[in-house]
Amino acid sequence: MNGTEPAIAPATPILSVNNIEVIYDHVILVLKGVSLTVPQGGITALLGANGAGKTTTLKAISNLLHAERGEVTKGSIVFEGNEVQALSPNDLVRRGCIQVMEGRHCFGHLTVEDNLMTGAFTRRDGKAAIRADLDLVYEYFPRLKVRHSSQAGYTSGGEQQMTAIGRALMSRPKMILLDEPSMGLAPQLVEEIFEIVKKLNEEQGVSFLLAEQNTNVALRFAKYGYILESGRIVLDGEASALRENEDVKEFYLGVAGEGRKSFKDVKHYKRRKRWLA
Amino acid sequence: MNLVEGIFVKPFQDMFGAPDFLIQVLWEGLVAGVLYALIALGFVLIYKSSRIFNFAQGIMVVFAALTLVGLYEKGVPALLALPLTLVVMFLLAVAIERVVLRPLVNQPDIILFMATIGITLFLIGFGEIIFGGENKVMITEQLFIPTGSFTFEPFGGFVSIEQKDLTAVIGAVLLVAGLILFLNKSKMGRAIRALGDDHQAALSVGISLSTIWVLVWFIAGVIALATGIVWGARAGVSFALEVIAFKALPVLMLGGLESVPGAIIGGLAIGILEKLFEIYWGQPLLGGNTETWFAFVFALIVLLFRPQGLFGEKIIERV
């Protein structure tokens, strides 16, 4: 796209999705051949509007699609060198790939601490190690420590998002599929959450695939980005390059190049968009 | 005037006139209530973790009791038959998960409900083929359950408490306490509660549905066995036992389908209230036999005012 070819991709990516197609209920074609890779230790953003297929892509990777009567009909998903389409979500979590779902999905009647502890379900390495990781999660999210005995259903949206990320961390993941962490949160809180994601990435070496509508924030924290539109990747590149891309600026960042637009430009916009798709 | 007096005055005069008899009635009601509570608990656990209304809970009680007695009749020592029955209930749980639940995952609730009716019919037939359909006597003595009775004389009256009822109540209390401890303190218990709260999220953190389902159906089987022993000791083991499961329905309406404390308190309340009603109102005013319908009418009246049941899980909603 923009001169700088992906220089970041190391020899083996932790995750590569190759041309997958997803069909819901045997009839609804949602993904029409999506390919992407996440490098070892990278933060990769998956951007796009509502209904573009971001969540479906993530759920196809984590194998949660089956619970919604969706299935991957073509292509392959490779995590750490092994094809993983046939694994159960449980197996995948055990191998180190876990999803934080859109809308937090905390266990409302469980306390924050119990929520975190459910994340350790697949672990077999003993209570002491789990306890140590719980303390680590509290270190990253001090607010959860304060709230550890409240029912998660009664905590704030930000706290629930932190609980959901913390819960995923408790499984000792190598990679987190993070779906729309900014949803419904105040800008300041979004910033805070993304800072923590960055810290986790740098200090714990967790790779992230990040689905976001908030293109602006996502491209500031991610290293590489893919833009998804109606089930297809229409654009990809390094985050810095994408931020400078005229189309991305116009369609996703809401920065207009040349002042007010006339109706003529709108038509032009649509034509360009169609061409991209 | 007589009727008003019969409803509002005389029963209470009777109660306080003969407190020893009142204590006896309350005790009998409590024992029945403990059994209702146990059966309701089986329903609640399965419903909480899989949203399945398990029609087969009643027949599981019969099947467990039948297996225990049947094994004994086939020559297995009683104290060995008990753990063997537990093994059978575990295998049953595994089989149900493999054959019924797993293929039907993500199907509408009504289909799973129908499947449990299928399980009911299967267990009736299977039990009959293996152990025969005739009534059996529970092996109470062989399991070292005391059969005598205590008597004591409060207020100059006379109260008799059967030791096997007392054993049943103590056993049930221990079972329930153990279960509550398990649900709240253990990793698996936490996973069961998590699954009850949010299915998708439970899947996403790697909680294995099959493991939890086998576990929950096995616990329901253990509860069924306990219920079967106690009820069988009072009334013999026969397929007619199955109908006591329907007594759990008003308990569930009262207690809420998802609440463990609700099932316990609801069961006790129904057991005691229906006994009291039968003795002090039913027999003098309605010619008796009110126990068959009282619980349902009572539940209906409660539902008019509290549709989520008395202890239905509060839906946490943030605005």
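In case you wondered, yes, glycine gets a Cβ from its N, Cα and C as well.
In TrEMBL, annotation is done automatically, which means it is predicted and not curated.
Record features, source TrEMBL:
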TRANSMEM  B:21-45  transmembrane segment
TRANSMEM  B:52-72  transmembrane segment
TRANSMEM  B:78-101  transmembrane segment
TRANSMEM  B:110-131  transmembrane segment
TRANSMEM  B:166-184  transmembrane segment
TRANSMEM  B:205-231  transmembrane segment
TRANSMEM  B:251-273  transmembrane segment
TRANSMEM  B:285-305  transmembrane segment
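If you count C-beta pairs under 8 angstroms between the transmembrane segment (B:251-273) and each of B:21-45, B:78-101, B:166-184, B:285-305, the highest count goes to B:21-45. Between the transmembrane segment (B:166-184) and the transmembrane segment (B:110-131), the number of CB pairs under 8 angstroms, six or more residues apart, is fewer than three, so the stretches are not in contact. The transmembrane segment (B:110-131) makes no contact with the transmembrane segment (B:21-45): fewer than 3 of their CB pairs lie within 8 A, with pairs spaced 6 or more apart in sequence.
Annotation: stretch B:205-231 has the most Cβ pairs under 8 Å to the transmembrane segment (B:78-101), among B:21-45, B:52-72, B:205-231.
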